[in-house]
Structure formats: C-alpha cells, structure tokens
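Peer 1: Quick one: the structure is below, questions incoming.
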Amino acid sequence: MQVEEYLNDIAEREGTVHLTLIDPASQSPEAAAEIAKAAVAGGTDAILIGGSTGAVGVALDQTLIKIKEQVDVPTILFPGNAGGVSTHADAIFFMSLLNSRDINYIITNQVMGAPVVYKSGIEPISMAYIISEPGGTVGWVGDAKLIPRNKPEIAAAYSLAGKYMGMHYTYLEAGSGADRPITPETIGAVKHVLGDNKLIVGGGIRDGKTAKICADAGADMIVTGTIVEETDDVRKKIEEIVSAIKK
C-alpha cells in the first residue's frame with residue numbers, strides 16, 4: 001500500500017491521522033529512534049522527519065536509518081529545502097510554501113529536489129503548505145507572508161488555489177512551538193473548500209483537548225513535534241492526543 005493511500009485510509013476509518021514530527025537537528029539519531037519508538041507505542045500513525053534548519057545530510061540519513069530500525073510505520077520527509085531529501089524515507093511531502101515571498105520556497109527548491117526524488121523511488125505526496133500567524137521559525141526562514149489568525153477566508157483562498165493546482169494535501173502551519181494553534185474557524189473554512197482533499201494541521205498542539213478541537217473543526221491529520229522533545233513520557237503524551245482524535 002502506498003503511503004498516501006495508507007494515510008487516507010486511516011483518516012476514513014478512524015477519523016483523524018496522527019503524525020509525529022522529529023527534527024534530526026534536535027537530538028542524536030539514536031535518541032530520535034527512541035522518540036519514534038515511544039510515539040508508535042502511543043498510537044502515532046507515521047513519523048515525519050524534517051525541520052526548518054539543520055535537517056539535511058548525514059544527520060538526516062542516520063536519523064532515518066535508526067528510526068526505521070525501531071518502527072514499522074511509514075517515514076515521511078518534511079523537508080525545509082532541497083537538502084532535506086533522503087533515499088532512506090518511504091515518502092516525501094512534496095510541497096510548495098504558497099504564501100512565501102521567496103521563490104526558492106515556492107518552486108526553486110522543488111525543481112532541485114524533484115530529480116533526486118524521481119531517481120530514488122521515494123513516494124511523492126503533493127502538498128500545499130500554508131503558514132499562519134504566529135509562524136515561528138519556519139515562517140521566518142520561509143519568508144512567509146503570514147495568514148492573519150482572524151482571516152480564515154484568506155487561508156481558504158490559498159488552500160483552494162493549491163487544490164486547483166492539483167495538490168492532494170493542504171498543511172496549515174502555525175509554526176513549531178507556536179503558543180497557539182490554527183483557529184477552529186480557519187480549519188473549518190479551509191476544510192469546507194477542500195472537500196475530499198485532506199487537511200493537515202500543525203503547530204501549537206500540545207494536549208488532547210487542543211488536538212480534539214482541531215480534529216472536530218475539520219483536520220484530517222494532526223501533527224505534533226515540539227511536545228515530544230519537551231515531555232518526559234513520549235508514549236503517554238502521544239496516547240493522550242491520539243485517544244482524543246480517533247473515533
């Protein structure tokens with residue numbers, strides 16, 4: 001089964017997919033593998049690997065190798081640039097940062113990375129990436145024109161543009177470590193125009209209650225990353241979030 005099909009099937013059967021994001025720059029490959037193992041034990045459906053800075057080269061490859069030794073769920077690249085591609089992953093979110101002011105994040109990095117993805121056989125999953133306030137590091141690095149929190153219609157317009165350009169997934173991002181997540185109003189407005197296309201929401205989600213609010217508003221997939229770096233019990237925290245968003 002292809003990774004995209006796997007994720008879509010979980011979304012249909014269980015209501016919401018949970019993805020754990022691990023940044024190779026934040027810990028050793030061995031520590032990353034232990035986090036992934038605990039997250040899978042807690043019920044996460046797949047592991048995202050990537051970050052805004054430093055998630056490239058040997059650190060990325062070794063992190064993927066160690067993670068795949070410990071878990072059986074899909075590993076999906078979440079690249080910050082063309083250097084964030086590794087042949088050791090199962091799939092890649094092949095994305096365009098639609099609200100960037102920098103053409104490198106809209107298409108140039110994608111052009112540079114596409115031949116590598118093609119030759120490696122990694123499964124590409126097309127995705128519109130949209131960053132909302134507060135934006136965090138990724139908003140700064142990606143030079144994003146942040147979507148205002150109180151303007152869901154703007155997020156919906158960007159999402160619709162991505163859908164019409166053929167992108168299967170839309171990712172609404174508040175930024176890693178954000179102090180608050182995407183608003184339910186924005187999630188609902190975006191899901192309304194996306195229809196059957198899948199909506200991913202990440203940033204500022206630290207507990208089951210917040211995750212459930214996002215899922216109930218229309219998120220098909222929930223991403224948590226910073227929390228697995230901060231908590232003393234990864235499995236317990238992931239269990240809390242997963243139990244809140246599944247049917």
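Cβ coordinates are placed from backbone N, Cα and C, and glycine is handled just like the others.
The Mg(2+) binding site annotation in Swiss-Prot covers Asp23, Ser52. The sn-glycerol 1-phosphate binding site feature in Swiss-Prot is assigned to Tyr171, Leu172, Glu173, Ala174, Gly175, Ser176, Gly177, Gly203, Gly204, Gly225, Thr226; the stated evidence is sequence analysis.
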Peer 1: Over the residue list Tyr171, Leu172, Glu173, Ala174, Gly175, Ser176, Gly177, Gly203, Gly204, Gly225, Thr226, recorded for sn-glycerol 1-phosphate, what is the maximum interresidue Cα distance in Å?
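Peer 2: Result: 17 Å between the two most distant Cα atoms.
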Peer 1: Under a criterion of Cβ-Cβ distance under 8 Å and sequence separation of at least 6, what residues of the same chain contact Gly175 (sn-glycerol 1-phosphate binding site)?
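Peer 2: Gly175 (sn-glycerol 1-phosphate binding site) has long-range Cβ partners Ile131, Pro134, Gly135, Gly136, Thr137, Val138, Gly139, Gly203, Gly204.
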Peer 1: Counting only residues 6+ apart in the same chain, whose Cβ is under 8 Å from the Cβ of Thr226 (sn-glycerol 1-phosphate binding site)?
Peer 2: Ser176, Gly177, Arg206
Peer 1: Give me the CA-CA distance between Glu173 (sn-glycerol 1-phosphate binding site) and Asp23 (Mg(2+) binding site), in Å, as a whole number.
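Peer 2: On Cα coordinates alone, these residues lie 16 Å apart.
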Peer 1: Under a criterion of Cβ-Cβ distance under 8 Å and sequence separation of at least 6, what residues of the same chain contact Asp23 (Mg(2+) binding site)?
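Peer 2: Non-local contacts for Asp23 (Mg(2+) binding site): Ile49, Gly50, Gly51, Gly54, Ala55, Ser176, Gly225, Glu229.
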Peer 1: Cβ atoms within 10 Å, counted per site: which of Gly177, Gly204 has the most, among these binding-site residues?
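Peer 2: Compared across Gly177, Gly204, the most Cβ atoms within 10 Å surround Gly204.
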Peer 1: Can you name the residues of this chain that are 6 or more positions from Tyr171 (sn-glycerol 1-phosphate binding site) yet have a C-beta less than 8 Å from its C-beta?
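Peer 2: Sequence-distant Cβ neighbours: Phe93, Met95, Met127, Ala128, Tyr129, Ile130, Ile200, Val201, Gly202, Val223.
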